[in-house]
Amino acid sequence: MSMLCYTLIIAFLIGIWAAPKSEDNVSLGSPATPDLSDTSCAKTHEALKTSRNTDQHYPAPKKAEDQEFGSAANIIVDPKLFQKRRFQSPRVLFSTQPPPLSRDEQSVEFLDNADSLNRNIRAKRATHPVHNRGEFSVCDSVSVWVANKTTATDIRGNVVTVMVDVKLNNNVYRQYFFETKCKNPSPVSSGCRGIDAKHWNSYCTTTDTFVRALTMEGNQASWRFIRIDTACVCVISRKNDNFG
């Protein structure tokens, strides 16, 4: 009888020792910790909700091709880049306002004010004044300021990105190019004006030259020589019927 009592007492003590002492020692995956899983799910749901709200307030980023030309205005140019500039051309101007054209379109004047990064430059396009005595140009040309040039061909023949707007000292400057083109390849029915059509073939064509402009190379601004239209000239060739 005593042996049976001892056996029951030992079984009771073993059962007490085998029971869990607290919920702190229970593994995270057990049903004893539903608060952790519920909290995690609640946080995940809240994060997804916040992400959806953020997408509604902030539009999706644009594609790379859409940012190719717009990103140039966001690049801040170091002022030292203009101090190191060489081979300045009177046909390239940085200004916050459209540059003026002279009344007779024979000269180009850059104003030396706070809105311009260029020095006071005046380029004469005529060596003598034009008198009203029937003087005409061989070819008719037109000169304009180009304010939206985005691409150009550099001196190596590669197509480069031209910076339209330049951010410098908390100001945005527009890069202008003074270009000259032919109005008409044939000012007269025979070709160029004043050419003997009996012995010569002639036509007017636009020629170009290289000027130093601010371009983009990766995410940095750099000076490069690019090609722009600068003149209208007459091309002549002797007629074949004169030979023989």
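Every residue gets a Cβ built from N, Cα and C, even glycine.
Swiss-Prot records N-linked glycosylation site for one of Asn25, Asn148, namely Asn148. Among Cys182, Cys192, Cys234, the one Swiss-Prot lists as the disulfide partner of Cys232 is Cys182. A disulfide bond in Swiss-Prot ties Cys192 to one cysteine from Cys41, Cys234, and that cysteine is Cys234. Distance from the CA of Cys232 (disulfide bond) to the CA of Cys192 (disulfide bond) is 11 Å. Considering only the recorded positions Asn148, Cys182, Cys234, the residue whose Cα is spatially closest to the Cα of Cys204 (disulfide bond) is Cys234.
Note: the Cα of Cys182 (disulfide bond) and the Cα of Asn148 (N-linked glycosylation site) are spaced 20 Å from each other. Long-range Cβ neighbours of Asn148 (N-linked glycosylation site) (same chain, at least 6 residues apart, Cβ-Cβ under 8 Å): Val164. Geometry remark: Cys139 (disulfide bond) versus Cys234 (disulfide bond), CA distance 7 Å.
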